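A.B. asks: Would you mind keeping the following structure in view while I ask a few things?
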Amino acid sequence: MSTEAETTSAAAPAPAPAPASAPARCQRIGCDATFTDDNNPDGSCQYHPSGPMFHDGMKQWSCCKQKSHDFSLFLAIPGCKTGKHTTEKPITKAVPTKPSKAVPVQTSKQSVGADTCSRCRQGFFCSDHGSQPKAQIPTATSDTNMVPVEKPAVPPPKKKIDLNEPRVCKNKGCGKTYKEKDNHDEACDYHPGPAVFRDRIRGWKCCDIHVKEFDEFMEIPPCTKGWHNADAA
């Protein structure tokens with residue numbers, strides 16, 4: 001009887017807590033944040049729903065038309081759409097660039113004016129426009145009384161930096177947040193060379209790695225270590 005009473009009075013073991021989901025990195029373009037399934041509310045992800053366009057040195061997001069010549073500033077353009085984080089890579093289609101309109105070339109001699117005719121401009125006789133005297137180009141006369149005064153160069157004011165202030169590194173391929181007190185000569189992993197976009201090929205000139213897809217380009221690891229720089233050009 002005492003054994004049955006002890007068994008009845010014993011407390012049941014508490015259920016084991018559910019294992020926490022491992023953090024994952026969002027694969028949406030322009031986000032790159034880490035998240036868990038337990039902490040992924042709607043609106044927590046800010047991203048670009050469509051891919052970039054590259055034409056004549058200009059970088060532009062096809063979804064929101066935001067553009068920049070500088071690649072670091074282009075990547076810093078915030079996403080134009082919000083939603084939930086995801087680990088699925090988006091399928092981006094290459095956006096064709098608009099071909100430049102060809103300017104028709106005038107081949108008829110009758111359409112060429114005397115001011116653009118090569119023979120008239122050189123002072124030779126031209127059967128289409130008659131004899132045209134060569135235009136006299138006025139020569140600029142220097143005024144000896146006008147002496148240019150050189151203004152002394154004003155040095156830029158020195159910027160005061162708080163060692164504990166969070167700053168964002170603008171080195172290409174980094175983009176991390178850091179504090180100046182933790183900065184050192186191996187704190188930053190970045191690409192020193194410019195990005196190369198040519199014939200649908202994307203890559204870095206510094207490490208000579210080139211790929212076709214923009215997602216693969218963003219995953220090229222940096223090739224150089226150095227100091228974080230929040231004022232990089």
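Cβ from N, Cα, C; glycine included.
Annotations per Swiss-Prot:
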COMPBIAS  1-13  compositional bias 'Low complexity'
REGION    1-23  region 'Disordered'
DOMAIN    26-85  domain 'CHORD 1'
BINDING   C26, C31, C45, H85  Zn(2+) 1 binding site
BINDING   H48, C63, C64, C80  Zn(2+) 2 binding site
MOTIF     117-137  motif 'CCCH'
DOMAIN    169-228  domain 'CHORD 2'
BINDING   C169, C174, C188, H228  Zn(2+) 3 binding site
BINDING   H191, C206, C207, C223  Zn(2+) 4 binding site
A.B. asks: Tell me, what is the mean pLDDT of the domain 'CHORD 1' (26-85)?
C.D. replies: 87
A.B. asks: Which one is it, among the binding-site residues H48, C206, H228, that lies nearest to C26 (Zn(2+) 1 binding site) by Cα separation?
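C.D. replies: For C26 (Zn(2+) 1 binding site), the closest Cα among H48, C206, H228 is found at H48.
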A.B. asks: Distance between H85 (Zn(2+) 1 binding site) and H48 (Zn(2+) 2 binding site) at the Cα atoms, whole Å?
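C.D. replies: Spelling it out, the Cα of H85 (Zn(2+) 1 binding site) and the Cα of H48 (Zn(2+) 2 binding site) are 12 Å apart.
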A.B. asks: For the recorded Zn(2+) 4 site formed by H191, C206, C207, C223, name the remaining residues of the chain with Cβ within 8 Å of the site's Cβ center, in chain order.
C.D. replies: G173, P192, G193, W204, K205, D208, I209, I220, P222, T224
A.B. asks: Anything within 10 Å of H48 (Zn(2+) 2 binding site)? Look among the binding-site residues C31, C188, C206, comparing CA atoms, and list what you find.
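C.D. replies: Within 10 Å Cα-Cα: C31.
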A.B. asks: Helix, strand or coil at C174 (Zn(2+) 3 binding site), per DSSP?
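C.D. replies: For C174 (Zn(2+) 3 binding site) - judged by DSSP and reduced to three states - the answer is coil.
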A.B. asks: When you average the Cβ positions of C26, C31, C45, H85 for the Zn(2+) 1 site, which other residues in that chain have a Cβ within 8 Å of that mean position?
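C.D. replies: Same chain, not in C26, C31, C45, H85, Cβ within 8 Å: Q27, R28, D32, A33, F35, S44, Q46, Y47, G83, K84, T86.
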A.B. asks: Filter the binding-site residues C63, C64, C174 down to those whose C-alpha lies within 10 angstroms of the C-alpha of H191 (Zn(2+) 4 binding site); answer none if the list is empty.
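C.D. replies: Hits: C174.
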A.B. asks: Including all protein chains displayed, how many Cβ atoms other than that of C188 (Zn(2+) 3 binding site) lie within 10 Å of its Cβ?
C.D. replies: 21
A.B. asks: Could you round the CA separation between C80 (Zn(2+) 2 binding site) and C45 (Zn(2+) 1 binding site) to a whole angstrom and send it over?
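C.D. replies: Between the Cα atoms of C80 (Zn(2+) 2 binding site) and C45 (Zn(2+) 1 binding site), the distance comes to 10 Å.
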A.B. asks: Sort C63 (Zn(2+) 2 binding site) into helix, strand or coil using the DSSP assignment.
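C.D. replies: DSSP assigns C63 (Zn(2+) 2 binding site) to coil.
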